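Below: one structure, written as structure tokens.
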Amino acid sequence: MDLNYNLVEGNLLINNPHATHHGGVYQCIATNTFGTIVSREAKVQFAYLQNFSRKPRNTVSVREGQAVVLLCGPPPHNGEIKYSWVFNGRPSFLLQDTRRFVSQRTGNLYIAKVEASDVGNYTCVVRNMMTNATVYSSPTPVELRRDAVMAEYEPKIEVQFPESLHVTKGSSVKLECFALGNPVPAITWRRTDGNPLPGKMKINHSNGVLEIPYFRPEDAGAYECVAENSRGKNIAKGQLIFQSMIAHNVYKLTVANLQWECRASGKPKPVYRWLKNGEPLVLEDRILVEGGRLAVSRINLLDSGMYQCLAENEHGAIYASAELKVVASAPDFSKSLVKKSMLIQRGGEVIMECRPHASPKASISWRRGGEFLKDSKRRTIMEDGTLRITNISKSDGGRYTCVARNPFGTSSSTGTLVVKEPTKITVPPLSVDATVGQSIVLPCEVSRDSSLDPTFKWFFNGKLIDFNKQDHFEMIGGESAGDLMVRNIQLKHSGKYVCMVHTVVDSVSAAAHLIVRGPPGAPEGLMVGEITDSSAQLSWGSGPDNHSPVTTYTIQARTPFSIGWQAVRTVPDSVPGQMFHATVIDLNPWVDYEFRVVAINNVGVGEPSMQSKQIRTKAAVPEVAPGNVSGGGGSRGELVIQWEPIPEELQNGEEFGYIVAFRSLGTTTWKQTVLASPDASRYTFRNDSIPPLSQFEVKVGVYNNKGEGPSSHVVVVYSAEEEPSVAPSRVWARTLSASEIEVYWEPIPQTASSGNIIGYEVLCWEEGVQESDAEMVKVTDTVALLSGLMGSRLYLISVRAQNSAGAGPSSPAVNVTTKKPPPSQPPGNIEWNLTNSKIFLKWEHVKAMGNESEVTGYKVVYRQNWLGKSSVVETNRTSVELQVPPGEDYLIEIKALSGGGDGSSSGPIRIPKMYSKRCFCLSPFTG
């Protein structure tokens, strides 16, 4: 009746609570049609905080390096409080670190190692977190003793957590650990089982507090705090125990027995009590309680209700709730009818289940038509009421009824048994051999009951074949056949194939094995043994033969100079499939080789083995002489000898070079020279006394660091010719324009050169320029066109003959002056008119400037579009008429003509088709 209480949807609201009237223990009672349960106890306490005693505190004297503990001694209080300390009356609280720690369990201040700066007054501050009230103790003076300094000592753990602590799910737990010592100990945390600390854990900056929020079962276990300094270490251990208790709802039939067990952990060990519908459970002969175990025998309807197990010790109580529902009913088939129709093959077995819902359990009997069935050789009624019939015949077909009875009534359910002919595979698949690339069909035909539709499935090595995802497999056949076609068979298709046929009453299967023969797999373990300058011994292991024996092996080699892999000669010449070694011959000395082996069987050529490690054959004397030895040419007094260099793969060793030998035709003594370059292909011997075109016998040999090799065949080579001895005669030149000069001369007589004249060099230089800086034009005829010259300039020109030995003397220079430059001004004020197929053009006369050639006429260039062929019309007038086919666009340019060449162009003028209007073109692309 207290108006301060208000019940809001099960929550109890206390308005203006007062300690005298409202403090105490509360429980919530919840009731519905199934029973009543009570909540765990909730304790209402009122927070308060009294003042410290004003009595002065004693002075604490301590040596430097020693540890000290300052006691807080909090006043009477209730509710959560927080401890802090103030040093020398400063406005801020004392900061904690690895040396100073404030325990929130005792309020004491711990200083692991005292320093001179710690001297002063310390005040303990207590704050009530509920009321925000704060009180201050009297100061505790700390002074330093000067008689001695504390020596170093190992850590002593002064603040530690309990040896065992029970923690409920979802709560937060804080473990404190702090050690005194000199030097200041370092604090670390770990789990004794070696598992890492959970990521959600928090460790404060001094490592003195380990906080585990939202405690879960996996957080339970043993924890260690390790304090360590240079003098030693100390360990504190504790166990966190997950505290829980749970019970499950139970649904029991009448006359059944019930056993419930309730387990809780705690220290001290908890005591158990049982409640039914919120009241203490009344014990009787049928109801026994032993510790946390409740036993109820011969359950009846009155035992239904809500049960609670209460586990409590001096630290509190926890509850676990569960419902006991007692059921009593007549047999009911509404949720478990006998199967309405059962199809079974003749000769098979049928299981007819009868599982009515009944309380207590019903007795079961079966009848067929109006006749109740008894156990026989083929029929059995099992303990759970199931009817089993074996070796079924056609006469077993019909209606079967299950009858269930208990004290509360009788009920029945009927089903029909239909007997079908069994399915048989008449044409099963047969095991077969196939070759890679072939296609085969595995048959699967059945005989069946005409009323049943069979379903064919194929399995390959135990896995169902999905024909929508397999390109190689296809199922073919009619209603009673499900043949499997395997197209383009590959090695991976070897294995076991099973045809499985399903109907609604039975399943049958038949299996066959497919062996796929293919080219052999790659040989394995290729090794290179003894190596000479021209051979190498190889050995290898066999790879898979893919169901066709290996007949032969071939060996392939690759060098840095070969194009891919090449077959090599071996001993024996043909390596049989039973031999796993061979000697490779006819190798080139001093060459890097890689080898691989390929197996061959009656199906084909297999994959090559992995290539061997690269090896190098031993060096040997060169065996190949240079080819295409020739020569000739060069300058006067030279003998030029040329040859094709030996490829690197035929040099057979290091320090490869050439020996060049020559002698005058008809003499017996050879002159020799050594060229140490393997890339050399030319040698020039110079002696001014050698007559032109003298004959020499020449040969070229080879050598390396192993010795000299063969020489080439002897060939005859001519020495160099002599340069022409006379200059060309009757040289004259004429100017063609401002940029072009044409030069003519008479050829020199054949007697003036020891060899053939191969051409002429025309030298041209401007007056005032040295002849050595002249521009040169080479020609093979006796006329030359010099272009790209400057207008109105005086040029000097000379000509000289040339043969293979060089150039002869130059002719005397002749002078010639280029014409003035052509007009730089293009024709302007161009008018055009298009009528039918005629274009009339008119333009303004171009007047040459004083330093330009006079205008002698005009050139009109026209073409269809950009890519058409150009036509040219020249005139000495300032107008022209052009005959052009109709229906096309035209591009036209006009230039002035002069003795100095063509003047500047007017630029392209576009005249569109079917356009007859007069137009003045002032610039290109206008009209």
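Backbone N, Cα and C define each Cβ position, glycine as well.
Note that TrEMBL annotation is computational and uncurated.
Quick look at what TrEMBL lists:
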type	residues	note
DOMAIN	50-136	domain 'Ig-like'
DOMAIN	155-236	domain 'Ig-like'
DOMAIN	262-325	domain 'Ig-like'
DOMAIN	331-418	domain 'Ig-like'
DOMAIN	422-509	domain 'Ig-like'
DOMAIN	522-620	domain 'Fibronectin type-III'
DOMAIN	625-722	domain 'Fibronectin type-III'
DOMAIN	727-821	domain 'Fibronectin type-III'
DOMAIN	822-917	domain 'Fibronectin type-III'
REGION	805-829	region 'Disordered'
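Between the domain 'Ig-like' (155-236) and the stretches 50-136, 262-325, 822-917, Cβ pairs under 8 Å are most numerous for 50-136. Outside the region 'Disordered' (805-829), and at least 6 residues removed from its termini, the chain residues within Cβ reach (under 8 Å) are 633-636, 692, 720-729, 731-735, 737-741, 745, 748, 752-755, 761, 763, 767, 771, 789-799, 843-844, 846-849, 851-853, 855, 858, 878, 894-907, 920, 922.
DSSP states for the domain 'Ig-like' (422-509), grouped as helix (H, G, I), strand (E, B) and coil, give 3 helix, 42 strand, 43 coil. Across the domain 'Fibronectin type-III' (727-821), DSSP helix (H, G, I), strand (E, B) and coil residues number 6 helix, 46 strand, 43 coil.
For the domain 'Fibronectin type-III' (822-917), the predicted model reports an average pLDDT of 83.
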